[in-house]
Every structure is written in structure tokens, then in C-alpha cells.
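For reference, the structure discussed in these notes is given below.
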Amino acid sequence: GFPCGESCVYIPCFTAAIGCSCKSKVCYKN
């Protein structure tokens, strides 16, 4: 639920390495 400061409209979340996932075109963690 916390934004990771990264969008994932055209590319995947690089922050996935620290547990972030793409939700509504923005990367979130929990």
C-alpha cells in the first residue's frame, strides 16, 4: 500500500527487488 515513487505504465517496477508491485500504473509496497 505504500507508493515506491515509481510508475509502471511502460516498464515494470525496478523496485520489485525490494518488494514493490505494480498497481494502477504505480509501484506500491504493501
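Cβ atoms here come from the backbone N, Cα and C positions, even for glycine.
If you look up Swiss-Prot, you'll see CYS4-CYS20, CYS8-CYS22, CYS13-CYS27 marked as disulfide bond.
The CA atom of CYS27 (disulfide bond) is located 6 Å away from the CA atom of CYS8 (disulfide bond). CYS8 (disulfide bond) carries neither a helix nor a strand DSSP state and counts as coil. For the pair formed by CYS20 (disulfide bond) and CYS13 (disulfide bond), distance between Cα atoms is given as 7 Å, rounded to the nearest Å. Counting only residues at least six positions away in the same chain, the Cβ atoms of CYS4, GLU6, CYS20, SER21, CYS22, CYS27 sit under 8 Å from the Cβ of CYS13 (disulfide bond).
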